[in-house]
Amino acid sequence: MIRIKLLKYFSSTINQADRQNFNKIQDWWSVGGSMAPLYSYNHLRVQFIHEILNRPQKGKSLAGLHSLDVGVGGGILSESLRRLGSKVTGIDVSENSIETAIKHKNTDPELRNDSDLDYQLISIEELSKNQEKQYDIITAMEVIEHVENLPLFIESLGKLLKPDGKLFISSINKSYESYLKLIIGAEYIARVVPQGTHDWNNFKTPEQVWLQLNKQKLNIDVLRGVEYNLLNGEMKYSNNETQYMMACSKQKKE
């Protein structure tokens, strides 16, 4: 019995402490609430996705594609991708996050009965075990700093990505600067992010992420630093990689 429990623990990507924290968030869709920085960030990540796919950001620019949004939170990115024409499957391990995403979808007449925006309470590793379907786009935005077992997480992402698909990851670099800016500054001084949202020990450098991607035959095609301006509330590209976004693809078979 102990062995089974240990195997289950080490084969899970779920960080229970962070899962409990996300279960407490009640203002995912409040523009002036604790998740306010996500709205600015969301505009930039949608822009980044279009730049990488070389598609103009207008109309149903992502029509014909199927996206998997891993760690949906309240559904902010999932809804954006769906409005741009992509079919979207959004997953999360937080019951509160999935309930919030579904509730918000149901308040929108355009999305209420849309079966092409589907939310599921499931982990990435369970999804990769339960289905053979693969996706054109996979997004794991502000997620890897909240998961356990990064190798399993990246392996599961790779299994679900089409051979010609694109994987988008954003996260926080592990550096003294990230501790000062994202924890001391953002959580305790400016208080634009709820205290306890981040654990510096879980931050990953781009090199750490690359090592796991490479093991799964995934390349980093583009790596860009991003920066949040506390004064005007804007997220923009930066030469500083304290926060970063990356676009990845599967290595071509020789």
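Quick reminder: no glycine exception, Cβ is built from N, Cα and C everywhere.
Per TrEMBL, the S-adenosyl-L-methionine site holds Gly71, Asp92, Met141; the candidate it also names there, chosen from Arg19, Arg45, Arg191, Arg224, is Arg45.
Ranked by Cα separation from Glu145 (Mg(2+) binding site), the binding-site residues Arg45, Gly71, Asp92 are led by Gly71. If you measure from the Cα atom of Arg45 (S-adenosyl-L-methionine binding site) to that of His146 (Mg(2+) binding site), you get 19 Å. Taking only the Cα positions, the spacing between Asp92 (S-adenosyl-L-methionine binding site) and His146 (Mg(2+) binding site) is 12 angstrom. There are 21 other CB atoms within 10 A of the CB of Arg45 (S-adenosyl-L-methionine binding site), with all protein chains counted.
A Cα-Cα distance of 8 Å separates Gly71 (S-adenosyl-L-methionine binding site) from Glu142 (Mg(2+) binding site).
The number of other Cβ atoms within 10 Å of the Cβ belonging to Glu142 (Mg(2+) binding site), over all protein chains shown, comes to 22.
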